[in-house]
Amino acid sequence: MNKIDLGYDSINLGHGSGGLMTRDLLDKIIFETFSNPYLDQKHDGSIIKMDGKMAISTDSFVVSPIFFKGGNIGDLAVNGTVNDVAMCGAIPEFLSLAFIVEEGLAIDDFIKIVETIKKNADRSGVKIITGDTKVVERGKGDKIFINTTGFGKVHPKADISAKKIKPGDKIIISGPIAQHGMAIMSQRDGLEFESSIESDTTNLNFLVSKLLDSFGDKIHLFRDPTRGGLASVLSEIASDIHMGVNITESALPIDDQVAAACEMLGLDPLFVANEGIFVSIVDPEIASEMIELMQKDDKGQRAICIGEITEEHPNKVVMHSVIGGKRMVTPMIGEQLPRIC
Amino acid sequence: MSKSFKIIMTGRVQGVGFRPHVFNLAQKFGLKGSVSNNEEGVIIYLSGEFEKIQQFYKTLIQQPPKLAKIRDHYLSEITHRTFDGFSIVPSQTEGKLNLQLTPDFAICDTCKEEITDPNNRRYHYPFATCVNCGPRWAITNKFPFERDHTNMAVFEMCDSCVTEYQDSSNRRFHSQTNSCSHCGIELKLTDAKGDTISGEDAIQKTASFIKDGNIVAIKNTSGYLLCCDATNPLAIQKLRERKRRPTKPFAILYPSLSLLKQHLKVSKIQEEILTSPESPIVIIPKTDLDGNLAVEELAPHLNQLGIMLPYSGILHLLATELGIPIVATSGNIHASPIISDADMAHHELAEVADYFLNHNLEITNPQDDSVVKYSNRLHEKVIFRRSRGLSPNFDAEVKTDKKILAMGGHLKSTLAFIPNDYLYISQYLGNLDHFDVYDRYMNTAAKYTKLFEVLPETILVDKHPAYNSTLHGMELGKKWNIPVASVQHHKAHFASVLGEHGLFDRNTPILGVVWDGTGYGDDSQIWGGEFFTYHHQAMERVGHFEYFDWLASDKMAKEPRISFFSLADAAMNEEIQQKFSKEEISIYRHLKKKELLKTSSVGRLFDAVASLLNICDLNTYEGEAAILLENQVHQYLLENCTSYISEINDGIVPTHLLFAKIHHDYRSGRDKQEIIVDFLFTLTTMVIKMAEQQNIKEIAMSGGVFQNTVLVDMIKELAGSEYKLYFNRNLSPNDENISFGQVAYHQYIKH
Ligand SMILES: [Fe+3]
Ligand SMILES: [Mg+2]
Ligand SMILES: [Zn+2]
Ligand SMILES: [Zn+2]
């Protein structure tokens, strides 16, 4: 998109009025950027044709700061929802896109975010087919909030269900943990780590669909450990299936700089948010083959088995720690509060 | 005229030789009848002259068996019955268990003599017991206390043992744990792989292995101990490396009181408890130490040692054979619970121990050794760990007909349970971050409900939402569909002292001083330097240490230098540069600018002072900085002490000002010991000042900080006779008392 002159530098309340100013903003930025046959009808909504089983997932994005190392809120808005659809074992095709913009957001920032959304949508192969833009008074928002809803067709070979998990199933993680959360935190709090940590936000749908092509119903569950981190996702799984989860600390992939930053802040990387990784729970017979396949993909290069499902300690996640002994892993409750005396 | 009576005795009356004692007493008085254990205690039926029965009753109460603790006793007339003589009849239970559980007892002197007497038939038999000694709770699955309800059930007594058991004049008359080498428990010495080395002379071989510098895992009657020569620095270093325990002090087992007294000054009160049936580890100052203990390896940088005497037959035989002090530390790794099972021991300790001394008596309730210390000057007893010999009983009156399970804290977890007329407090279970500890904690809760056949009606948890004890309490509440109530951590600490001393009915207010490391406060901040008042079933927070920033979550408790950073002002930049990297400084400075959690923790203040004085920047074990700080103090004169702080305004102790003054003193080159003494004196002064301001004459203190016995002495000295002071007495001041405090708070505070 060429640099366009809209005649104003920032979004104001008029852009949310529904009147001509809104129309101008939509035409010049949104429709221009996302142009496709569905959107071009400029109707109240879009009519799509889908056969068979469908997956739908929605998410709102309220991250602060909106620009961070490794991406911006636009990356998250697409990848987050695309990945959620993918975690259902589906192939994401369409996306809705709704903005709530705080009065005063620089037009350049808005455009940058819209462009990022476009880039990610193209990369993950989804079309933006409906949307909305609202503007709220200064102080009633935090620059920009985005909501997206994703639609996708369930992969013909997929049979994703926690009910299929059985003892002995392997837990595979696609890449290093805690990267996104630490990137956001260091930026938000102005923490100057010697090394720079970037968000890992990316779309995972093609890798997921490749895995489903090869392993189909031997894959019992996909989950992306976003908010609350790996600990919260594994705890949820354990209590959903009333079985135990065993993981091995030494197997957990984590970048040295991320680990060092967590250590310095006294944070447990298991609780830190991720964006570009996912957890698979799979039949043990395919585990090593699946890891091999993942490692060939640039989004799964550091894929590794981190543990397994067990009949012991139902509902509990236990980590075999590096220094010996077993540690209880509990879901995150609010912020990380100190517990030690 | 002959009449019939029924006598009921409650309290600690089972497993202590009560029935044989009653039998012999009845014989003496010429009374006929029977005695048995039941779910309430001991029940006696007697027929005979009323006067004789009355005399019998009086004598029994006045001279019960040595280990018995009678709580209540009742005498009532029943319709006349005739008996053939007097008999001990097996347990008869009709209802649910309602009695004190019998704890483990140290081996008695008579049994000790027997097993070292070559002419005795129990010579070298490590499991000799009698009605006055031996394991009880450790091996019990069920009450009333009968052999069949213990893990002794699988050992069938030989003829000689049966004869003793049936002979009313024998001290093993009706001794439920009776056995000998022909019919009893077998020792087996194996190497780390589990291959048998020896059975018969296992003790002698073990002793020689220890002498040669090896580490041996010994299955004691309450769990495994790891042992090595306490005079051999290399052996101890090897144990430290293998256990990954760089500096935390090890307990030392002395072969005999006489040798101990040759090496170390032992006070009367210390001697008494060392040789008591509870036989805990006693922390003793090492001034005037004699002998060749490897003290720097045993207790690095400390001026005290943890000492115990052989409290079981195995330890007695081994220590006698060795004749030298040995290290005896809980057999576990990295804060996991003490191990009691041979397979588990071989699995978990394979890389720690060179040899294993095992036996085939199963242990149902493994327990660590209890730990106590007496303050130097005023001999105030402070419990550091309440476990073997003390738990699971607790003698406090709590008025309730509600069945309550209290889940305790997180780091030093215990459970408190009221299923009947008694209150039970579990042994120290440990840090619930560790799955094995959590597992034992869960099982202990399950075991209690099964043992007493009672489910609680209310569950009490700490207010901290992420304590694993809180989470488990919530889970149980959901499972049993019963209410879960939370109690603020420091209020529970305060209530624990009030409860221990029965102070809830007082008409005048009591000041509560609760200082510890961390607890989740009512204002969502991290408390730890609190002042409360208690009056008329209400508790109020009347003051606290001025808040300072809580930095870096759980790391702050592990690194005293972070507490220093939090309290540091511009004048302390030089120290900051020394203790932190550039990156750390930039990060922590940034953090401090944020809206952070705040804390009033006195524990963290101790850490900050220890770091400032370059005593400890990083803890390798919990509370290390505070212990090292206390250990710097060798002497002080109260009249030479000055408080850094003279006034408390609005109940707030000015933490930052106090710290700045200490720093100023240190910079001007003042002696560390003097600074620490004045720091402790300042804390002491704060207690008295607050009492003055509140116009209160009675002060109750709790929280981990009160494990500092110098501080305890100082407070007692300064308070003199003007104030009445209360400390935790039979519970530890640390978080082990939280479970009981939760119960006490719930019962007595209006809410
Ligand atoms: Fe505490
Ligand atoms: Mg979602
Ligand atoms: Zn004895
Ligand atoms: Zn025998």
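Glycine is treated like the rest: Cβ placed from N, Cα and C.
Whatever TrEMBL says is automated annotation, not expert-curated.
If you look up TrEMBL, you'll see B:4-90 marked as domain 'Acylphosphatase-like'. Broken down with DSSP, the domain 'Acylphosphatase-like' (B:4-90) shows 25 helix, 38 strand, 24 coil.
The Cβ neighbour count for B:Arg19 (active site), using a 10 Å radius over every protein chain in view, is 25. The annotation active site is assigned in TrEMBL to B:Arg19 (among others).
The active site feature in TrEMBL is assigned to B:Asn37 (among others).
For B:200-389, the entry in TrEMBL reads domain 'YrdC-like'.
Shown in sequence order, B:Gln14, B:Phe18, B:Arg19, B:Ile43, B:Ser91, B:Pro144, B:Phe145, B:Glu146 are the residues of the chain, 6+ apart in sequence, with a C-beta less than 8 angstroms from the C-beta of B:Asn37 (active site).
When averaged over the domain 'Acylphosphatase-like' (B:4-90), pLDDT in the model lands at 94.
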